[in-house]
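Positions annotated as ATP binding site by TrEMBL: GLY112, GLN113, THR114, SER115, SER116, GLY117, LYS118, THR119. The coiled coil feature in TrEMBL is assigned to 571-612, 683-766, 832-859. TrEMBL lists 8-455 with the feature domain 'Kinesin motor'. What TrEMBL lists as region 'Disordered' is 259-343, 874-933.
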Amino acid sequence: MAPATTTSVQVALRIRPSTQQDVSSIPARFQRTVIHPVSDTTVSIDAANAPAANPTASPPSATTPAQAKKQLFSFDTVLPPQSTQHNVFSSSAEPLIARFLEGFNCTILAYGQTSSGKTYTMTGEDLDADPSDPNNGMGVIPRAVSTIFSRVKQTRSEKQGAWTATIKASFVELYNEDLIDLLSSDDPSARRDVQIREDKDGHIIWGGLREVPVRSASEVMELLRQGSSIRRTNETDMNAQSSRSHAIFSLTLTQKRYTGSSLPSRSPSPAPPQGSPSRLARPGSLVSYNSPNAASRIASPTFGRPPTPSFAVAMARSQTHLRPHSSLGHSEDQRTVPSNGPGEWVTVTSKFHFVDLAGSERLKRTAAVGERVKEGISINSGLLALGNVISALGDPSKSKVTTHIPYRDSKLTRLLQDSLGGNAHTLMIACVSPAERNVAETVNTLKYANRARNIRNRVKVEEREDGWDDLEWLQTTITRLRKELKALREGQPSGNSLGVLAEESQSKASKHVRDQFIELQSEHEKLRELFTERTEELTRLRGEHGETLRSGSGGVAAATSRYEEIVGPVIEEYERTISAMEAEMKLNRAALRHTNELVTEKEEELASLSERHATTEAYVEELRSRVSKLSERESSTEAYIRDLEEKVKGFTSDSLTDSESLTTLQKELGRYKELEGTNGAYIMELEARLAKTDESVLELQQSVERAEALAERREADVRDLERRLEQMTSDEVNWRSDLERREERVRNLELEMEAWEKRKEDAGRDRERLGLLVADVEKAKKEIGDVSAPLTPVSEGGRNNLPISQEVDELSTLQASLSEIQETHKATLADLANMTDKYRDALREISDLAAQIQEVKLHNHSPAASISISDAGDRETPVVMPPPGTISRRRQPSISRSGSRDFNAEPLAPTVNGTGRRPFFRQAASAESLRAR
């Protein structure tokens with residue numbers, strides 16, 4: 001076993017960043033950050049500005065400069081608010097994993113007030129995320145578990161068969177001073193009670209706790225998720241998911257290491273037994289042996305105590321000359337003799353505790369009622385006991401004297417007894433809130449964490465050689481040592497024995513082995529003395545036998561048979577006696593060890609009771625001294641009262657004036673008391689009014705901020721509307737110029753249409769004339785057909801028809817041109833209608849924008865003004881916005897269906913407003929009037 005070393009408790013301080021809940025639940029005057037990281041190991045806190053417990057305390061601005069003194073605290077690591085989960089793990093928790101794999105016990109505990117981020121630090125948000133990702137929210141536990149399994153896998157591949165490891169997980173919570181196994185059966189009635197006990201070395205054992213073997217990090221995460229789902233959490237005013245219990249998640253690592261220079265043999269049965277018997281059964285009580293004389297029974301659990309072999313079984317085996325079987329339950333054909341090589345197997349067991357403490361809380365702040373009140377009282381009492389233990393262990397003035405550590409005041413301190421002042425590397429992560437509202441709790445947390453740095457732990461690796469619980473291996477080892485001792489005494493040591501002894505002298509032999517060797521030497525001396533006595537008796541018997549042979553007349557055969565009859569039973573009896581003595585001696589040794597352990601436990605209990613008795617006696621003595629002091633004070637008070645009574649009796653005759661004065665003084669005193677009560681009520685009223693005023697000021701500030709934000713948005717809207725108005729104005733100018741061009745084009749088309757109408761009338765008249773001519777021609781043809789000479793009229797008719805055909809061609813040409821003009825006119829009317837619609841939409845939008853601008857200006861308390869545009873120079877004229885449909889239209893000359901134009905219509909003239917100016921817009925001609933043309 002490695003020697004114990006001394007180490008200090010490591011403390012890391014994590015400052016939680018401000019959350020949305022802080023902004024909503026803490027008054028604005030108490031949201032100031034009071035804790036500031038100075039360096040990687042130092043923080044400063046404005047502790048002097050701590051607010052009072054009542055909400056009517058004065059604001060921090062009323063403090064004097066002398067009160068603004070800062071306090072400095074130093075820790076091993078300081079994690080500022082911007083630190084990520086990966087930074088917390090790599091800077092504080094990761095170094096403990098290497099110590100855990102070396103065989104040391106380790107503990108990480110999160111300490112702080114409620115809502116300070118303890119559970120988030122330990123567990124985190126996503127248990128299934130990638131542990132190598134530095135940006136996710138995984139806590140210390142998932143990252144540590146993943147790192148442990150990866151390093152175990154790496155070590156197993158490096159050392160191959162010379163190293164094996166098994167890991168078990170457990171999860172327990174302490175709720176209202178009750179230990180609850182979070183990994184036990186879902187049925188509450190089937191859950192076993194978890195008990196806290198101490199072994200013979202003072203180590204804490206959790207009896208009845210279920211330990212689940214795990215092979216990967218995913219299995220551990222599933223167990224962690226299962227236990228966290230049934231852990232007690234509830235909502236308070238300070239935390240929506242407040243932990244209502246202390247939780248401890250533990251990993252137990254059992255390593256088997258081969259200490260030889262070469263790899264162990266890969267035979268089915270290794271030389272040293274590959275395990276110790278179960279802690280819940282005695283050797284030889286778990287299996288049935290092949291021997292008919294072997295007894296099989298079920299033993300009561302011993303919980304780690306040394307096995308006590310059965311006396312009946314040992315005597316039966318000694319009578320049948322059989323060696324006891326191994327506790328592993330191998331039959332005789334499966335057992336092999338341990339190798340005499342230099343290597344040996346060593347078992348190392350270490351534990352890693354992850355402790356998530358419930359936060360300290362004030363009932364006034366959390367507004368707890370009902371069960372929450374009981375939970376808060378239980379949490380605070382456990383944390384108070386923890387604080388007392390930290391104070392007792394971390395007080396430098398008590399480090400040089402023996403001080404009682406109150407571990408037994410709470411189950412929480414009993415669970416953490418090995419972690420605080422015991423055999424463990426301990427890391428405390430102190431979580432604090434930066435808000436000024438929580439400055440009192442923050443200062444207390446910093447003081448306790450700073451005091452915890454003074455705690456000294458004595459850490460050592462708990463390792464033991466395999467086979468000390470295996471009776472067969474012990475017997476084989478004793479036989480081998482006897483042979484080697486005999487060879488050494490005879491002066492003929494074998495080379496193998498010398499090599500083994502040399503290796504063993506250089507190896508780490510424990511004190512227990514040396515004690516066993518000394519006991520074997522003493523037994524050997526006793527047996528040698530017994531052997532000498534028996535040899536002398538045998539020599540004497542042989543001499544008597546020789547004299548009998550010389551004096552007697554019997555033959556040699558008779559003498560020999562008589563010698564065998566006399567000596568044989570004696571030898572057999574000696575052998576049986578020796579075997580029985582050896583068995584009884586082993587039984588007595590086991591019983592002695594068992595008795596020593598019981599004595600040790602009773603001595604520890606006696607010491608604890610003595611300490612408690614001494615404490616009680618000291619307390620009783622203190623009470624007695626108080627009672628005596630109070631008695632003396634009472635007697636002196638009574639004497640003083642009697643003296644006063646005598647003085648009062650002596651001054652009775654002259655007490656009339658004094659009585660009047662006393663009455664007056666009493667009245668004044670009563671008046672002063674009433675005035676004091678009135679002043680107190682007035683002060684309370686003023687404090688209430690001050691609180692209301694603060695709230696009103698806060699609400700007013702919020703209203704002003706909202707109004708300023710609304711004004712900024714309105715100004716931005718106004719700027720946007722002005723920009724859109726300017727764009728509309730420019731678009732309007734473009735539309736007006738485009739409309740004037742289109743009106744000019746319409747006028748030109750009207751003129752051309754009038755010309756074409758005239759040509760159409762002329763063509764109509766020509767058509768009528770041609771019709772008459774055609775009728776005359778037809779009539780002439782008929783007349784000519786009646787005449788007998790058809791040739792001459794036909795030629796004449798052909799000559800006369802020539803001009804008529806020309807007129808018909810011209811008429812068709814005119815009709816085609818007319819059709820083209822009509823189509824062009826229709827397309828122009830359609831374009832004009834579209835442009836008119838767009839123009840009307842633009843006018844409506846401009847009107848809406850003007851109304852919005854006017855409304856914004858009225859809302860901003862500006863004087864009413866019309867929207868104006870620049871006219872000429874610095875002069876501005878208001879813009880008149882007529883609604884759609886009321887815009888003045890210019891009258892257009894109408895064209896009848898027959899094509900004649902109404903020249904009696906009013907002439908074209910621009911429309912002017914009431915001031916004689918032409919407005920900046922112009923109404924287009926209606927599409928109906930243009931179609932009517």
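Just so it is clear, glycine is given a Cβ too, placed from its N, Cα and C backbone atoms.
Listed binding-site residues: GLY112, GLY117; maximum Cβ neighbour count within 10 Å falls on GLY112. Same-chain residues at least 6 positions away in sequence with a Cβ under 8 Å from that of LYS118 (ATP binding site) are, in sequence order, ALA110, TYR111, GLY112, SER243, ASP356, LEU357, GLY359, ILE429, CYS431. The highest number of surrounding Cβ atoms within 10 Å, among the binding-site residues GLN113, SER115, is found at SER115.
Annotation: SER116 carries the greatest number of neighbouring Cβ atoms among the binding-site residues THR114, SER116 [cut-off 10 Å, Cβ to Cβ]. The number of other CB atoms found within 10 A of the CB of THR119 (ATP binding site), across every protein chain shown, is 24.
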